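For reference, TrEMBL has these:
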type: ACT_SITE; residues: 178; note: active site, acyl-thioester intermediate
type: BINDING; residues: 79, 80, 81, 82, 83, 84, 85, 86, 147, 148, 149, 160, 161, 162; note: substrate binding site
type: DOMAIN; residues: 34-218; note: domain 'BPL/LPL catalytic'
type: SITE; residues: 144; note: site 'Lowers pKa of active site Cys'
């Protein structure tokens, strides 16, 4: 008999990065003790640069003191990966999953996140691919359209994927994106000649692909959730 598994989806809208980070930490702890089931946070961030646990500060190309005047923040995290940017019009999914319960190892999990973004890009006629050796995330030719950075603790995931719908790509000029010299970034808007559906529709496409990839049968959508 096939087990029917439900994925809880928290649609949070535009969220400050630190608020989302604190929420993930709380939910990770709750997931470890079975207080919550597998869920995913679906959101966008205010302009924010984040560094992974390697803290590759040299890939920030402007003084940190300049960020405030630009309206951006910088945060250090315990995820994998290098420096990246989050901002409005970029879809972010943070799955809080038990890898044991979904039946995925760490490598297959990351490959699953890649396939989610590749599938959504293809829905809009864009041919995306996983990165070549040494490249993380998802690419359209030699330009990155989706980033992945995960943290796994006691088999529970947090952080996740960021898919460029139509962010201001000028923000990427201040960093070496994901630490890869000479590589560019792109967005769904840049690659699609016609009109795109709303951000909410694309968020939901990502959620549906995530659910299929990790074998969830049903979605339970929650909106207007007070974070703290």
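Cβ atoms are placed via backbone N, Cα and C, with glycine included.
Recorded features from TrEMBL, shown on the structure.
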| residue | record | Cβ neighbours (10 Å) |
| --- | --- | --- |
| 79 | substrate binding site | 20 |
| 83 | substrate binding site | 23 |
| 85 | substrate binding site | 25 |
| 144 | site 'Lowers pKa of active site Cys' | 24 |
| 147 | substrate binding site | 26 |
| 149 | substrate binding site | 24 |
| 161 | substrate binding site | 24 |
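Restricting the average to the domain 'BPL/LPL catalytic' (34-218) gives a pLDDT of 91. The two recorded residues, residue 79 (substrate binding site) and residue 144 (site 'Lowers pKa of active site Cys'), show a Cα separation of 19 Å.
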